[in-house]
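Student: Mind looking over this structure? Questions follow.
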Amino acid sequence: MHLLKLLLVSLTIAFTYGDPRMTTPVFQAVNFAREIRGRRLNGSVIREIQVDSESSCRLHCVKESSCVSYNFGCTINNKKFKCQLSDSDRFASFKYFTEDNKFLYRGVKSDCEVSSSLCAENEICVPNYKDNTAECKCRYASGYTGKPCEAKCCAQLLKDGFTSNGVYTINPDGGKPIPVLCDMTTDGGGWTVFQRRLDGSVDFYRDWKAYKEGFGSLSGEFWLGNDNLHRLTDANDVMLRVDLEDFEGNITYAEYKTFKVANEANNYRLTLREYNGTAGDSFMDHSGMQFSTKDQDSDLYGASCAQYYKGAWWYKSCHISNLNGLYFNGQHASHAEGVNWFSFRGLYYSLKRTEMKLKAKE
């Protein structure tokens with residue numbers, strides 16, 4: 001039945017237009033998808049003609065070997081309509097598929113038309129009309145790696161129109177994708193958050209393996225993982241921002257123009273340069289230090305700073321900041337065991353909220 005339909009269409013075309021191929025018909029894909037009213041595809045029109053009806057426009061598209069869609073509408077006079085034949089479709093040219101109440105759009109039926117869930121959110125479905133297949137391609141031209149179309153960083157997502165704070169998937173180097181929390185509003189947005197303290201609900205006094213792999217929840221308190229930190233800072237030149245808040249509602253920040261974390265073979269050694277901000281610099285003194293946890297001592301002190309101050313950090317001997325320390329509700333009696341930033345509230349005050357985030361330099 002389907003073959004008969006194709007044959008009848010081919011014969012109709014040959015008869016209507018005097019096609020010399022009538023004796024040897026060439027069957028083309030003539031099944032069309034449902035019409036989409038009030039929409040028009042721009043920028044890829046190969047020919048515009050006047051027709052009496054949509055069915056006539058459709059036949060012109062079938063006869064045109066490169067036509068895969070058409071716009072129909074916009075009365076020229078009481079008898080004729082515009083028929084715009086296109087060699088592209090609403091998928092490949094999605095940016096040019098716009099609203100226009102004077103037209104309807106119809107494309108050749110493809111896998112992309114049949115299944116709206118064929119591709120991921122950040123991908124476009126590109127039909128291959130010759131063999132009736134489809135492939136998924138990245139929606140954006142640059143700044144993306146891996147499959148399916150992961151952005152390299154939150155800054156790239158922001159640039160391409162993702163302006164809401166939330167969890168996204170990025171891939172800085174083509175390796176394993178990383179789910180991250182993107183801050184799209186603070187100081188221009190585009191920040192990848194890798195540490196957050198909010199309420200003390202997550203234990204940060206953990207071992208080397210936990211800090212290597214990461215822990216917590218992106219919707220609450222978390223550490224993204226030192227392996228991920230190395231990947232994020234090795235793939236791009238990035239800067240660091242540290243947002244701090246005390247229990248009295250005072251908010252402050254520190255920024256560092258250069259931020260880099262080495263690989264595990266170098267114990268995730270820290271590199272910082274050029275402080276700016278309102279919190280005061282309580283981190284530059286740790287630059288050049290290796291990461292330490294309660295079960296791996298990499299500091300310069302005679303004993304373990306991580307064990308002594310109940311945290312995990314780039315301890316020297318020992319610290320003037322300890323943002324992975326114990327969570328107290330503000331003032332605490334113990335010396336430097338809390339979520340401390342010396343130049344903002346000192347070493348006997350544990351902060352309410354901290355966020356450490358990075359962003360690729362422009």
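A Cβ is built for glycine as well, from the same backbone N, Cα and C atoms used for every other residue.
Just so you know, TrEMBL annotations never went through curation; they're auto-generated.
These numbers come from a predicted model, not from an experiment.
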Student: Mind checking which of CYS136, CYS138 has the disulfide with CYS119 in TrEMBL?
Tutor: CYS136
Student: Given the model, what does the mean pLDDT over the domain 'Apple' (33-112) come out as?
Tutor: 93
Student: Judged by the number of other CB atoms within 10 angstroms, which among CYS119, CYS136 is the least packed of the disulfide-bonded residues?
Tutor: CYS136
Student: Helix, strand, coil: count each for the residues of the domain 'Apple' (33-112), based on DSSP.
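Tutor: Going through the domain 'Apple' (33-112) residue by residue, I get 15 helix, 38 strand, 27 coil.
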